[in-house]
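Worksheet: one structure, shown below.
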C-alpha cells in the first residue's frame, strides 16, 4: 500500500504587511529586506482570527479537494508552534468543528519542519493498514510571537495555513522516501524567550539550513532509487530566498522548477510547504507522475524531507 496526498487546501489572511509598512515600524528598508530574504510582503491574521480558525479553513478546503467526508477521517495532525493555547490542542478543536468525531487528534511541534513530520507520521498509519485517511495541517500565527521592534526578525514572518489529506494512492505514486532529523544542540540558535518573542541567531541558522536542506534533499532522492535528473519540482521551506536557492542549486534544478512564495507570504513556518504545494498544483506547474522533493528545517533544530511522485 502506498500513501500519498489526495487533497490540498490553504488559508491566506487578507491583511498585507509590506516592506514599506515595516519601514515605518522598525529601522529597516525595502531594499535591505528584499536583497537579504527575498521577502516583499507578508500576510497578518487579524486579532479575532486564531490559529485554529486558519487551520479549520484550510482543512475544509483539503477535504473538499479530496472528496472525503469529515466523518471518514481517522487521524488529525496539526503542525504548529503557535496553538491557541496549551490545551485543548488545535487538532482537537478542529476535530470538533469539522465533525470528524471518530478521528484521533494531536498537535506536532517541530517548528518549520512540522508539516514534514506530520506527513511522515500519517504515512506510517496508512501504510500499516491502521488508518485510511489522515488530515495533516501546517498552520501558524507567527505575528503573535514576533517582536515587532526587532529588525532582524520582524521582517521575516507571516501567518497562514495549509492542509493535506493523506490516503491510499496507486502503485508507484505517493511518498517514495523520507528523512526526519533533529539536533537539540542547536536549540539555542532559534527559540522562544520568556516574553514569547522569537529569538534567532541568523548566521548559525543560515549555515545549518543551507547544509541540511541540500543534504536531506539528496538523501531522499537516493533513498527513492532516483537521481537528480528525475526530480521535476522542488518545494522548499520558504524561509529565505538564499537558503532556497542553495537547495535548488544542490539538486541542479532550473529556477522555474522551484516553488517561490516567500516574496508574498514571508516565512510561515509549518504552513509554508503546504501553501506552496497547493499554489503550484493550482497553477498547473506540477503534473500527474511528477517527482517532487519537499524539504524543510526549523527550530529544535529539526529538519525533514520527502520525495513524492504526484498523483492518485
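Glycine residues also receive a Cβ, built from the backbone N, Cα and C atoms like all the rest.
Record features (Swiss-Prot):
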{"type": "ACT_SITE", "residues": "112", "note": "active site"}
{"type": "ACT_SITE", "residues": "237", "note": "active site"}
{"type": "REGION", "residues": "238-242", "note": "region 'ACP-binding'"}
{"type": "ACT_SITE", "residues": "267", "note": "active site"}
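According to its DSSP assignment, residue 112 (active site) is helical.
DSSP places the residues of the region 'ACP-binding' (238-242) in helix, strand and coil in these numbers: 2 helix, 0 strand, 3 coil.
Taking all protein chains in view, 23 other C-beta atoms sit within 10 angstroms of the C-beta of residue 267 (active site). Following the DSSP three-state reduction, the secondary structure of residue 267 (active site) is strand.
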